[in-house]
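To start, the structure under review is shown below, and the notes come after it.
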Ligand SMILES: NC(=O)c1ccc[n+]([C@@H]2O[C@H](COP(=O)([O-])OP(=O)(O)OC[C@H]3O[C@@H](n4cnc5c(N)ncnc54)[C@H](O)[C@@H]3O)[C@@H](O)[C@H]2O)c1
Ligand SMILES: [Zn+2]
């Protein structure tokens with residue numbers, strides 16, 4: 001065998017193993033399933049031709065990913081194998097021929113292949129006892145608590161079957177996925193790439209409360225083990241599972257002619273665009289359970305089943321327009337608008353172009369002939385440009401926000417353009433969520449869901465509107481009863497007393513965090529003084545740099561800001577800052593706190609020090625003035641001794657503070 005072939009095989013193994021790790025262990029694929037499958041196919045062909053290339057670490061020999069240490073491990077009594085996959089109807093005929101060598105006139109069941117993750121559910125005397133992921137097929141993860149949050153998994157079966165283990169596919173409905181991604185974008189989290197990864201990521205959350213919020217669902221498709229009931233065929237077992245209370249494969253039909261099998265596969269292909277879940281193929285299974293025994297399995301998959309994978313559909317069309325929309329986080333997204341084409345059973349006229357880098361890399365221009373692809377995923381994408389029109393020019397996303405008309409900017413380390421106008425209607429919801437959040441105005445009960453309704457119903461257009469809400473409007477809102485409206489009004493009322501520094505932080509001025517807001521307020525303790533301060537003056541504040549100072553003055557120079565502040569003032573929102581620093585006897589002194597204190601918590605001690613003008617640092621150095629040591633000081637105590645830093649006991653510290661307060665009273 002040539003060295004080049006060996007090298008190619010090794011390269012494929014390494015790359016596929018890495019892709020599989022990202023996909024199974026981190027739920028974050030680097031390439032599309034189709035591209036992965038095509039590489040896998042190439043490796044399989046090489047290994048077929050040169051069997052000496054097959055090593056135990058080859059991805060062709062292994063199923064799925066490793067179990068994470070986060071969960072208890074579960075050893076599967078019945079192996080949870082994968083499926084042999086095929087990419088043409090011809091290969092389904094070949095599968096049938098292979099089956100026919102062992103079984104005469106086999107009967108087949110065709111099922112939709114759900115794109116989720118495989119789990120095993122165990123029941124003893126009809127009670128759900130344990131659920132686990134597939135893992136590598138032999139050892140999976142115990143995710144019982146998370147599975148219990150899925151409403152369609154029965155906790156008790158309609159019959160007390162002595163023992164039952166079933167296998168099913170947990171998935172995230174498309175609608176839930178779109179909602180989740182929207183939420184993740186608002187929270188500035190990295191969104192999941194597709195419903196399958198979202199389902200896998202959600203089921204492997206350590207906290208079942210998170211999993212519960214993710215709206216997962218399941219289709220059960222096989223009996224792995226059963227006691228107390230004899231079944232002859234697969235279709236019979238699906239019927240029985242239904243009777244027990246399971247949600248089973250949504251599409252299954254039994255056929256005895258291979259032509260009918262092929263027809264049904266095509267029917268699923270046409271219908272799958274309209275399913276509420278992602279379908280990446282069709283599975284053909286031998287129906288008789290006894291025949292399955294005869295056919296057996298390889299180390300990786302059963303020989304009685306085959307998965308047909310639908311190829312991604314691609315079509316050529318003409319790009320008519322590029323529409324720019326602005327999302328809730330202010331990101332400008334280009335969408336291709338083209339002459340409608342029929343893809344995966346639906347008419348398509350729009351596709352994502354991601355960002356400027358994507359457009360530039362593929363040199364996509366207005367008027368181009370383009371190739372659009374729809375694979376398993378929900379949203380089609382523009383794959384490439386086939387040809388440009390004469391005299392066409394490279395396309396650049398205009399740097400203007402389509403919602404507010406202000407200039408959009410490219411932030412560091414981002415491929416995207418963003419609208420940063422604090423009053424852009426497109427990003428208002430996100431600003432409001434920040435405004436009401438715990439660290440900002442801390443308005444309990446005014447979370448993202450309610451704010452979204454308030455914005456959608458046009459009740460709220462900016463932060464000040466929150467203080468002029470109408471009781472009747474709120475009571476009409478979904479899920480808002482009298483009591484919760486009262487509580488909400490009380491929380492809004494309470495927020496009026498917040499310190500000015502919280503309000504400044506809540507306004508969401510670019511680059512102004514909690515700390516920056518506090519520093520600003522220490523220097524300028526009223527809103528009027530802040531608004532009058534010049535950029536130069538603000539830059540002089542210790543801890544505030546040029547950029548932050550510019551952002552602050554730019555914000556307050558806007559007419560909209562002045563109006564907003566005026567209305568907040570009218571509502572009675574506090575506009576002054578009460579300095580935390582009441583004394584200065586500890587000024588210029590740095591403290592480190594260690595050990596357990598008796599009279600107060602470490603945070604309380606920190607507050608006392610800061611109120612008196614001192615600083616608290618996390619580690620002892622030559623610059624430390626005092627170590628405040630409670631019981632069991634440990635390494636910090638040792639270090640302070642070594643460096644000769646004075647050590648204060650709690651009593652010493654109290655004396656020092658009382659002296660301070662005493663002096664203040666003089
Ligand atoms: N994009 C990437 O980087 C990447 C990496 C690794 C794997 N993958 C993808 O993962 C897949 C390979 O994973 P696999 O080994 O799980 O194989 P598979 O997903 O192709 O098929 C096996 C699985 O199908 C599921 N299934 C769904 N509906 C079923 C039904 N009705 N009957 C029987 N089984 C059903 C089972 O849970 C089973 O585990 C490929 O599609 C591959 O593209 C992608
Ligand atoms: Zn805008």
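Every residue number used here counts from 1 along the chain in the order it is shown.
Note: Cβ is positioned from N, Cα and C throughout, glycine not excepted.
Feature list (source: TrEMBL):
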- 33, 34, 35, 36, 37, 82, 83, 111, 134, 169, 285, 309: NAD(+) binding site (BINDING)
- 113: active site, N6-AMP-lysine intermediate (ACT_SITE)
- 401, 404, 419, 424: Zn(2+) binding site (BINDING)
- 581-666: domain 'BRCT' (DOMAIN)
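Shown on the structure are the features that TrEMBL records.
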residue	record	DSSP (3 states)
33	NAD(+) binding site	helix
83	NAD(+) binding site	coil
113	active site, N6-AMP-lysine intermediate	strand
134	NAD(+) binding site	coil
285	NAD(+) binding site	strand
404	Zn(2+) binding site	coil
419	Zn(2+) binding site	strand
424	Zn(2+) binding site	coil
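Listed in sequence order, the residues of the same chain lying 6 or more apart from residue 419 (Zn(2+) binding site) and placing their CB within less than 8 Å of its CB are 326, 330, 332, 401, 403, 404, 406, 408, 426, 427. Ligand 1 lies within reach of 37, 83 from the binding-site residues 35, 37, 83, 401, judged by a C-beta closer than 6 angstroms to any of its atoms. Summary of the Zn(2+) site environment: with the site residues 401, 404, 419, 424 set aside, the chain residues having Cβ atoms within 8 Å of the Cβ mean position are 326, 330, 402, 403, 405, 406, 408, 420, 421, 425, 426, 427.
Residue pair residue 33 (NAD(+) binding site) / residue 113 (active site, N6-AMP-lysine intermediate) shows a Cα separation of 14 Å. The Cβ of residue 37 (NAD(+) binding site) has 16 neighbouring Cβ atoms from other residues within 10 Å, across all protein chains displayed. For residue 424 (Zn(2+) binding site) paired with residue 113 (active site, N6-AMP-lysine intermediate), the C-alpha to C-alpha distance reads 44 Å.
For ligand 2, no neighbouring recorded positions occur among 33, 37, 83, 113, 134, 285, by Cβ distance under 6 Å. With a cut-off of 8 Å between CB atoms and residues at least 6 apart in sequence, the same chain places 108, 109, 110, 111, 234, 304, 305 near residue 285 (NAD(+) binding site), listed in sequence order.
Proximity of residue 35 (NAD(+) binding site) to non-local residues of its own chain (separation of 6 or more, Cβ distance below 8 Å) is seen for none.
Scoring each of the binding-site residues (83, 401, 404, 424) by how many neighbouring Cβ atoms lie within 10 Å, the top position goes to 401.
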